[in-house]
Amino acid sequence: MNESAALNESGAGLPASSWLEAEAFDANRTLALSSAALEFHVNPWDIMLCLSGTVIACENAIVVAIIFYTPTLRNPMFVLIGSLAIADLLAGMGLILNFAFQYLVSSETISLITVGFLVASFTASISSLLAITVDRYLSLYNALTYFSEKTLHYVHLMLVATWGVSIALGLLPVLGWNCLDDASTCSIVRPLNRTNLTLLATSFFVIFALMLSLYFKICKIVCHHAHQIALQQHFFTTSHYVATKKGVSTLAIILGTFGASWLPFAIYCLVGEREYPPVYTYATLLPATYNSMINPIIYAYRNTEIQRSIYMLFCGCFQTKGSYRSRSPSEV
């Protein structure tokens, strides 16, 4: 950390356009850094973010391709999983582009565009997780009418709201809600100002609270269904207990993974100051990106329909026997 401070003082450190720079903006220092670069230093944290983005992009590109080219994956659940995969794919690409632009093209305009792109992508990813949670709740609460046109209408509305709000939040830094003109308003994520970052963090906590509430209701419905089955069969078999426990455990894993990934960064966004060392921002942001790396494993690769499509894509000779019907989220 001392070495990083020394590099910044000497004018041979990281590029001043870094979107994670926590120190005050100085136009003269920026000019000096851009003109004198005999030594080229790469921040190891930026390398890890770039590697994370590469893995995220590769994982989710496969999911997007499979859903797009498989006609049977067209029910509301897979539409929402596709939206999540696209958002995570864009987030991964954004991390890669941020690394490339940060060290190859030092420009305030490009920095704003990159930050806006990342904000929109990660917001769409988190919002898609909420939409998937709503879909799973509807598939249990309205199981008899889930495959109706009404459900598809709800899904389309959720997609429009998800991407509309995400794009709007991503455009805020580009449209002027940044700290380039007033360094005192900068947040821990430069060039976002404190008000912008507080809005994003608050939005995350609202979405997380909604997901907690919905998954709690889902657990109640699952346990109620298991109890009804036990009453109909006059006893609660071991298989019913195992299935119920597995379902509740899966929900706990989903929420635990999401919370463990994003909560540290969201909390630090509210309590952190721009004077704090940038390493704190990196250390909380990097785990947040891992959520986009884990999402395709939880929501896509564990799904038997997508597994079947992967086998058909990579093996070619895989043949299905008998008729096949795509299952609902409640069955999954």
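Glycine is no exception: its Cβ is also placed from the backbone N, Cα and C atoms.
Annotated features in TrEMBL:
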- 59-299: domain 'G-protein coupled receptors family 1 profile' (DOMAIN)
- 45-70: transmembrane segment (TRANSMEM)
- 77-104: transmembrane segment (TRANSMEM)
- 110-134: transmembrane segment (TRANSMEM)
- 154-177: transmembrane segment (TRANSMEM)
- 197-216: transmembrane segment (TRANSMEM)
- 248-267: transmembrane segment (TRANSMEM)
- 279-301: transmembrane segment (TRANSMEM)
Is the transmembrane segment (197-216) close to the transmembrane segment (77-104), in the sense of at least 3 CB pairs under 8 angstroms with a sequence gap of 6 or more?
no
Rounded mean pLDDT for the residues that make up the domain 'G-protein coupled receptors family 1 profile' (59-299):
86
